[in-house]
Amino acid sequence: MVYSRRGSLGSRLLLLWLLLAYWKAGSGQLHYSIPEEAKHGTFVGRIAQDLGLELAELVPRLFRVASKGRGDLLEVNLQNGILFVNSRIDREELCRRRAECSIHLEVIVDRPLQVFHVEVAVKDINDNPPRFSRQEQRLFILESRMPDSRFPLEGASDLDIGANAQLRYRLNPNEYFDLDVKTNEEETNFLELVLRKSLDREETQEHRLLVIATDGGKPELTGTVQLLINVLDANDNAPEFDKSIYNVRLLENAPSGTLVIKLNASDADEGINKEIVYFFSNLVLDDVKSKFIINSNTGEIKVNGELDYEDYNSYEINIDAMDKSTFPLSGHCKVVVKLLDVNDNTPEMAITTLFLPVKEDAPLSTVIALISVSDRDSGANGQVTCSLMPHVPFKLVSTFKNYYSLVLDSALDRESVSVYELVVTARDGGSPSLWATASVSVEVADVNDNAPAFAQPQYTVFVKENNPPGCHIFTVSARDADAQENALVSYSLVERRVGERPLSSYVSVHAESGKVYALQPLDHEEVELLQFQVSARDAGVPPLGSNVTLQVFVLDENDNAPALLVPRVGGTGGAVSELVPRSVGAGHVVAKVRAVDPDSGYNAWLSYELQPAPGSARIPFRVGLYTGEISTTRSLDETEAPRHRLLVLVKDHGEPPLTATATVLVSLVESGQAPKASSRASAGAVGPEAALVDVNVYLIIAICAVSSLLVLTLLLYTALRCSAQPTEAVCTRGKPTLLCSSAVGSWSYSQQRRQRVCSGEAPPKTDLMAFSPSLPQGPTSTDNPRQPNPDWRYSASLRAGMHSSVHLEEAGILRAGPGGPDQQWPTVSSATPEPEAGEVSPPVGAGVNSNSWTFKYGPGNPKQSGPGELPDKFIIPGSPAIISIRQEPTNSQIDKSDFITFGKKEETKKKKKKKKGNKTQEKKEKGNSTTDNSDQ
């Protein structure tokens, strides 16, 4: 049983202790007390220790004290955590005569944020002596007054409170008067002078007394007042009031002129001694006289000034009623006016901001400001509630009575709203309710949460080649939605290699302006497309960035003159010699001039003109405008000059056009002497090379065999490669592809030349395309224009490749096999029939998108081809020039070269004779025919 009682008692004590600890933790408030008038540095309390804070945490956690009203009274030493008096504290000045006087402090520490409330009670000391309103009080007393008559006196006042304000009075010893002290309901002392002995005016007309007031403090303080008593003669009945004390309740907002009370005094005398006048006693303070007025005849007291419950909630008015006798008698009463509070004071707010500006990434519940509210009214009129304007990312949290915290309620975004103008409304509980507003400007500080953004992900720039070094080609601009250094954007190149050189050797970008400069002259023949990225990065911490792609297309200019493809044959002064039989007719192809231009478009479109020699007669030759074929204009006869010097001018279509000149020496020989003369000319011109003529047949057969094998290999490789997954375009550097197309097929060849499209970093690749020839389906196929092949894509490396068929023959690539698909190209042909074997018409939009040209046959020279024959034309992509190879019917007597240039030609073909039983002769004739075709 004993154990059970002890356990129950222990449980109750533990529960009581837990409740007490919970109450203390919930209140979070410390209480100290200090006496007023304490000196500077007076110890108040170890506030850091009492709050559970370490001394080393005070400075790092930004320990600070905020107080309402004067903030310099108390201070905290951050070294030892002691709260001490910083300046003089006068309780009477701070709290007037309120019973409780306290200084409220707010202790704030960060990391994490904590707010503690500290209340320092100011204890009263006896530092104010009792004081009378006047140094001398005058009384008029009739000599006829009976002993025990009482006369009210003005008491002293003490600004202190409690025991220090409890006053005791005494009167200096005399034989006529005593001092009586009474206490009313409000514990206020009333002094009355009591007559103990009848007065005799004839003996003494005036009495001087000294009233001494002593307070209850230690040490005691005193105050004195001099009483001057004048003894009046005979009026034995004084006016009397119904009550000695009148209590009146009055609204504090009563207007001026409002009746407070009407007093009535009576006098038992007759005549003039009965007539009474009313007036304020000399005991009434001037402040009270300014608030009220009394009618001396009627005794009505009215409001004369503005009343305020918050200043004084009650007034004591001493009224004297005196008759009009020569020796007047007076009666006395007191009117106590108690004011009733009305809701006439709006709430007041004090806002202490803590963290401004607020970072836009601040966590939720971050305390922005502390708000304290007050209302001078009392009761429900003084109960204040706060509210915040709606639709803002903040809220008010009530911490203690009349204290609120402004905290972050939702995420901030400075780019949406940079400043919040908050309106806090404080409203009291009166009826009608009064309210007040206060504005809090909350600035949102920027954090680097936005990367620079370009207007578009890719820009296309066109730059002419041969630009001056350092020229400005483009300006990139990125916008950052952040502010200040977070929006300061700098630009840089995303470095990589363009072929074998770094990107920075081609272009540079200004870090601040974003201007892109070309560091060196660009060459369209070397680089057609320069693709790179520019990075924009802000100055935030950490920095954010983004990239934009620039495609710089290098536009071609006519900076390359046509280059002649001259075979290595003998001649005088670099001229080419040709032997032509006199028996040839009109249209016989004598030779073909070939030239290439590294430019593209119109700049690479070549035309040929025959320049007449000075002083020479009209020559029987002409040159194809776009083919470069030199042919006869008429039949030659014996009257023609034996030697002709032809000047062929090769000109492109650029602005301005560039030219080159080729010289061809044409010698006319007899028909029977043409092969021999040619052999002798070759032997005399090239010397040891004449011995190779006999082996031409075997050499051509070997070349054809090897070329056929190579073509089959390339076809197989192309088929395998086309079946693979296509890859993105990269920066290529290799041999551009030349496509040669005809009715029997298309061929391709490559020539070593730098041609790059700079859009990546992959190693250079060689574009090599081969197509199998196909036979025409019918005679009408030559008259119908061919439609573009949708499967063909124009490679960038093909556009500048323009080379002669001689190189094709030397490389052994120009071959065709039967049965292949016919490669078709977009063509623009002249609608006007030409008497010449082949002409071309300029393309529509040449130099822009047209890079292929087709040869058109006139009606007089229909296109005829058979299986195994060489094509009649081929196209050089990237150039308007079409190398045309004209084929004549098999029974034609005119020897027209198909793929020969500047070579030696035989006068006529050998006629084939059919002889039965002589197979050896038939094979010999076929061998000679093959030799003729290979020479051509």
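Just so it is clear, glycine is given a Cβ too, placed from its N, Cα and C backbone atoms.
What Swiss-Prot annotates here:
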type     : residues : note
DOMAIN   : 455-564  : domain 'Cadherin 5'
DOMAIN   : 580-677  : domain 'Cadherin 6'
CARBOHYD : ASN264   : N-linked glycosylation site
CARBOHYD : ASN547   : N-linked glycosylation site
REGION   : 759-793  : region 'Disordered'
REGION   : 816-936  : region 'Disordered'
REPEAT   : 877-890  : repeat 'PXXP 5'
SIGNAL   : 1-28     : signal peptide
TOPO_DOM : 718-936  : topological domain 'Cytoplasmic'
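ASN264 (N-linked glycosylation site) counts 13 other C-beta atoms within 10 Å of its own C-beta, drawing on all protein chains shown. Note: the CA-CA distance between ASN547 (N-linked glycosylation site) and ASN264 (N-linked glycosylation site) rounds to 99 Å. Taking the Cβ of ASN547 (N-linked glycosylation site) as centre and 10 Å as the limit, one finds 15 other Cβ atoms among all the protein chains shown.
As a summary of secondary structure, the domain 'Cadherin 5' (455-564) carries 7 helix, 55 strand, 48 coil according to DSSP.
Across the repeat 'PXXP 5' (877-890), the prediction's mean pLDDT works out to 38.
Here the domain 'Cadherin 6' (580-677) has, by DSSP, the following mix of helix, strand and coil residues: 8 helix, 42 strand, 48 coil.
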